[in-house]
Each structure stands twice: as structure tokens, then as C-alpha cells.
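If you check Swiss-Prot, you get these features:
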| type | residues | note |
| --- | --- | --- |
| LIPID | G2 | N-myristoyl glycine |
| LIPID | C3 | S-palmitoyl cysteine |
| LIPID | C6 | S-palmitoyl cysteine |
| MOD_RES | T12 | phosphothreonine |
| REGION | 13-34 | region 'Disordered' |
| DOMAIN | 82-143 | domain 'SH3' |
| DOMAIN | 149-246 | domain 'SH2' |
| ACT_SITE | D390 | active site, proton acceptor |
| MOD_RES | Y420 | phosphotyrosine |
| MOD_RES | Y531 | phosphotyrosine |
Amino acid sequence: MGCVQCKDKEATKLTDERETSVSQHAGYRYGSDPTPQHYPSFGVTAIPNYNNFHAPVSQGVTVFGGVNSSSHSGTLRSRGGTGVTLFVALYDYEARSEDDLSFRKGEKFQILNSTEGDWWEARSLTTGGTGYIPSNYVAPVDSIQAEDWYFGKLGRKDAERQLLSNGNPRGTFLIRESETTKGAYSLSIQDWDETKGDHVKHYKIRKLDNGGYYITTRAQFETLQQLVHHYSARAAGLCCRLIVPCHKGMPRLADLSVKTKDVWEIPRESLQLIKRLGNGQFGEVWMGTWNGNTKVAVKTLKPGTMSPESFLEEAQIMKKLRHDKLVQLYAVVSEEPIYIVTEYMSKGSLLDFLKDGEGRGLKLPNLVDMAAQVAAGMAYIERMNYIHRDLRSANILVGDSLVCKIADFGLARLIEDNEYTARQGAKFPIKWTAPEAALYGRFTIKSDVWSFGILLTELVTKGRVPYPGMNNREVLEQVERGYRMPCPQDCPSSLHELMLQCWKRDPEERPTFEYLQAFLEDYFTATEPQYQPGDNL
């Protein structure tokens, strides 16, 4: 059961979601992590009318909630000929420029213009102020999207991560779109027992033909709100009653502000470098602020590292890549020294985190989960037909609650330093690089898979340099002869077997990132269900 070959190589075969029904505590699933919901891209001039339950779908677009959810699609029409659909703030927001609007959670808005996609022009009914607001900070009044417990397109694994973090009590819950059943939802609840300790149970919420909802046919409800109210009063067959909605973190913004959405080359003087976080071969990383009010990370590149023109061209692509497991590129200063402005990650690089930070004490479940997050981000890069080229723990950043995000994707191609471009030069990361890429420059998503296998060794050894005791030349020679790193101390053989799959000589025989994500997310259920923590892992 544990061997990698026994599993189908393509995760697409693993499509039924593990959910628990009240009457049947069985059922197994795997669904790949969908591209997250945090960045609705509308490109429509009319806002769907969420309050008209029977409005025909005129645009074929559901701004919130996805297919057949309670986001009632249709063009914006006046109710009774006068009013408009009102939106409510889900979070506090502080204006970052003179064009956007500060507001508090619960404030209501009239939307004036939604053509900007990520930013909507709105009028606050509380203050009367007009300006741009981030569209993922608001939801239609009285919709399920406005409920604290509704998390939209959140994958099963991410639901578990959120419920099991921050010391949530038993009965903490959320509702999300089902990954596998169109129009259905999943109720995820944190539970506890003496055998498993803290864990999460998932229940499928099915939809009736007449529009109602049920977990078990014995109890049917017109709305999800009624369902939540019912199970908050009594468990009624669930593992426990619903106690408190899971804390919903602030959504990430796609841009620094509405002003930088299209013009994201920013003046150097708008950035303040506050604290140096790291120093690498090609520059430094700083924690800083933009406009004096927005915390960012700033990567400064040494002059001559890459051509500003080539960088700007690549940055146009990087800016379009949006996924929860990728560090978001916000803006650039393209004149030398080049500045790259991204979201700030509080715990720094995964390498430093494992070697010198809180990561030193992590056990295998956390480490495998971090690997699964990286695989999820790389699966998105795979779907977008992009390549990272320099995947290693130094280029993974860690945030609160052990969130991992991939940084520096695509930049390696642009480096013009001779010690790097020679590929066997001192600055080139030979130990992480697939042989066909190191020897012949054949960089593909499959060479990224090789690098991911090396990153797995970094995780289980808490940041040890790969191929200990060997220099770059020896590594290249030995790997060409068929040498592969042995199983690290205390690492389960099934995980080492996965590494060996990543290090197949023929790139096409290496697994996809979609498969790697599936394998790692299900690792302790399907592969190592008997895992017991040891001294090291």
C-alpha cells in the first residue's frame, strides 16, 4: 500500500473526496488543490444580482461561490426600480493611496463600478466616502459569502490546516465548496478524541432539486444558514455540535493598490528598507514598507545580475501567476539596482527556518505538510506551463501557521553572472539541479521535479546540504553514474521511494507535481497510517 509505484501516477485518478456522512462513516477521496478563490477576476461591467434568487444567468459568471452556489448570478438590476445590490465588508481595510477607501468590518457599500476586477469603485453607506475597495474584502449583504463560516473554494487539506492551527477548540467549523461535487458543499469540523487527538471531520452537504440542503435526508434546510443554526444547537449525528466559525485570515491583495494594478513599476523613493532579512550571491532581501503604510519584502539585486529589459519582460509573466502557495509579486523598480517587491513572509526562508528557527523541532507530519504545500504551488506552475528553474528550500518562504510559499520562480533564467551561467560554476546550485539541466541546459518542469526530490531531503534533515561530503564536480559525476542519495536517518522508506521517483534518469518517468501533491496530502492516510513520532522525526 505504501509503495509509490502502487499508486496511479496521475493524481487525476484520485478524484473522490474523503467526506463523512452521518449515516456512513466511510468514503475516501482525493481532489487536487484548486486555484484559490482569493482573486476573483471579473472583467464584467455589470455586477451579478445576488438578491434575485431566480434571475437568469446573463453573463455566465459567478463572482462569488462558484457554480450553482448561493451567489445568485444575473445582471445588476434595481430592486423595486430604485435600490441596488449592497455589499458588506468582511474585514477592516486601511487605505494605501489617495484613490482607495478605508473601511471597517460590517460597513455596507453601493458598488459604482466593477470593471477593474480586483478593485471596485464603491460608496460607503456608513461614511458617504467614495473610492476603490479590494473586491475580495466584500460580499453581497445576506449572502453565504458574507458569513464568517463560509470559506468558498478552499481545498480539503487547506481546511484542515486552518482548523488545526491557532489552538482552535473542538467544534470549530467552516463550510466550503465541495472539491468533487458540483453545487455541493463540505462542512469541516475540528474534533478531538483520545486516540487521534485533534483532527478534522468532513461532511458532504448535498443540494436538493428544489434548492434546499441536507447532510442526512432526515434533516433538510432551505438555506445553509438554517443548517448551521440547527447543528449549532445539537450534534444530531455529527461528531460534535458546531461551536465557533474558524478564524478567517485577511485575504491577500493582488496589488499594492489600485494605482499599481497596471502601472506596477514604482518609484524607488516610495519604498523604505527597514530590516535586512538575508544576503545572497546576487543581492539582499529586506523587510520594508511601500508608501509608509504597507509592509512588503524587497529583493535588491546587485547591478549586472540581469538585464533590466529581460527582467521586466519576465516580471510581466510573474505578475500574472496567482496562487496561495506562490509569493505574490506586487511591483518592481526596473532601473539598476533592480528592486523586486513582494508580499512579506514573517518567518523567512524555509532553509533558515529549518536550520536555526522554529523548524528544528518539527516532526514528520508538519514537514510532509510543508512539502505538500510546495507541491501544490508547483502543480499550479505546472498547469500554467511555467518553470521555476531554482527550486530549493532557500527559495521557499514561511509565514505564520507553517504556511509555505514559493519565491523567485523564473528568475534563474535571467542571471547573467558567468559563475552561474557556466552551470558548473561556483554559484550554480548543482546539487539541486537535474543532470540534463546541469549538463545540457534542458530545464523543464521535470527538472523542477528532480529539484523537489532534493528539497524533500532538506526537509527531513532540517536543512542539511544535499550530498554531504561531496563537492559539485563529484555530485555531477556520481549522479551521472547512477548514484542517488540514500534514505536519510529516520526517514520512512516510502518517502525515500518518492524521492527516487523524482530522481529517475528519464525526465518523462518522473511524477507530475499534481501526483506529488496528491501523494503528500494523503501520506498519513494512504501510505503511513501507522506513523508514530520518534526523537527526530
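Residue positions begin at 1 at the first shown residue.
Glycine residues also receive a Cβ, built from the backbone N, Cα and C atoms like all the rest.
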| query | Taking each of the recorded positions D390, Y531 in turn and counting other Cβ atoms within 10 Å of its Cβ, which one has the fewest? | reply | Y531
| field | Inter-residue Cα distance where the pair is the residue listed as 'active site, proton acceptor' and Y531 (phosphotyrosine), in Å | value | 32
| field | the domain 'SH3' (82-143) [mean pLDDT, rounded to integer] | value | 91
